[in-house]
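The next block holds one structure in the form of structure tokens; read it before the comments.
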């Protein structure tokens, strides 16, 4: 039977529950256990697909096409299990499901209430998510409950977790609480009172944490840990100091050295083999001892909140690990390029334009792409970054003045990028869209395998085919492809059924690639990713061309 670890947070949000949960999962997996993770989000949105990146950060896309919380990206990067739609659910999905059942008459005329109907539905969703991995033979499911203890939105989830623990009995569930121990500079000391109150709030609900992960900007002294232990009624060895580090990939070792996995295994009645974190040690060693250094310019419009590009930033770090390179990422506001020009790009070793939506800042991105193309700077365009590369090429090389996307200019004289109106999803179902379709849940999403054109740069990177995840509404317009190809652009991959362009490249450029998919979602620190590794190697070569002494 699957055992559960519920991870909660207190005092403030954004403490790193997702990293903590993923790190614990990585340790347990290294001990031979079959582990999966779930994220429970207390907002009423059905999913984060239509939420602003400034509000929510990145939307992570799973293989089966679900738009999910960015923490699922951390989960996939830390353990081998692939996340699916059932690994992330929201209050909106829970209420939607309960209301459908009520309309069907499933509750036989009963008054539908938060307890038991909503809490029972949450428990069913949790069990379904746990059973989806390992052919239903999951040993441990780690369940991260979003929000902060004390918030009204999280109460049904916490109550459901309490009920699950009670119903399953002894050694079936454990609770790990992540909390903040702030340092007050004026007093020159760490303050434990917020943590004490947070645990008291959790105990009022009926949840007694097996371990406290105490976040601080420094190591927490033993006397402060003892104070937390006494007032929280948590054993001293289960009060864990979690301090700031320069890489999230150091967290598994930090937690293991303080025995968090032993505490959890004891609470669950498990006796797995010892942990083997040698892979994580090797990753950290590669991070701390690079042989090279490159500077990548990421040109976007959400650069004030880098969480919007979390998987992409991590993919570049992974490529650095596998090329023994320190990858410095400079986030450049595309509107700043529109105002000040491309002079600020001259020191970069490579340029990247990520995915995005909307017209704002697109001309700055196009200017950056033109700079990369004309100056032989390695360029990687992802999703919108590929579409804008095609627009730039159409305007300045193929002679299609005024070329644009119908997303930005519905009456463009040359709509080289246009709305996808019909395509086939993973199950073979034909999807149809138009400009009046709902925004939520209407994009082309999920993984798709596509053949690659022989003799291309894409083939040298991926091999004969590519299988990556998508999240977009617009595509390169096939009507214009012959004119673009005649001008020197190569479409190096297409979808097998609809013949939609998936990859483009410029053979006369040192390294210029655009991809309609999101390769960052499949990059992991263990394996890296062939596209990003090739990109970083091209950036190193670019740097050496500019400065042979570097």
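In case you wondered, yes, glycine gets a Cβ from its N, Cα and C as well.
Swiss-Prot annotates 13, 151, 152, 153, 191, 192, 193, 194, 195, 196 as CTP-binding residues; of 101, 110, 227, the candidate listed for that same site is 227. With 356, 384, 385, 386, 387, 473 listed by Swiss-Prot as binding L-glutamine, the candidate from 335, 407, 498 annotated for that site turns out to be 407. Residues 14, 15, 16, 17, 18, 19 are given by Swiss-Prot as ATP binders; from 47, 64, 69, 71, that same site also lists 71. Using the Cβ center of 14, 15, 16, 17, 18, 19, 71 for ATP, the list of other same-chain residues with Cβ within 8 Å runs, in sequence order, 9, 20, 21, 74, 144, 178. Cα of residue 15 (ATP binding site) to Cα of residue 195 (CTP binding site): a span of 13 Å. Comparing local CB density within 10 A for the binding-site residues 14, 192, 195, the maximum falls on 195. For residue 192 (UTP binding site), the nearest of the binding-site residues by C-alpha distance turns out to be 13; the candidates were 13, 19, 386.
Residue 17 (ATP binding site) has none of the binding-site residues 193, 194, 386 nearby, counting only those with a Cα within 10 angstroms of its own Cα.
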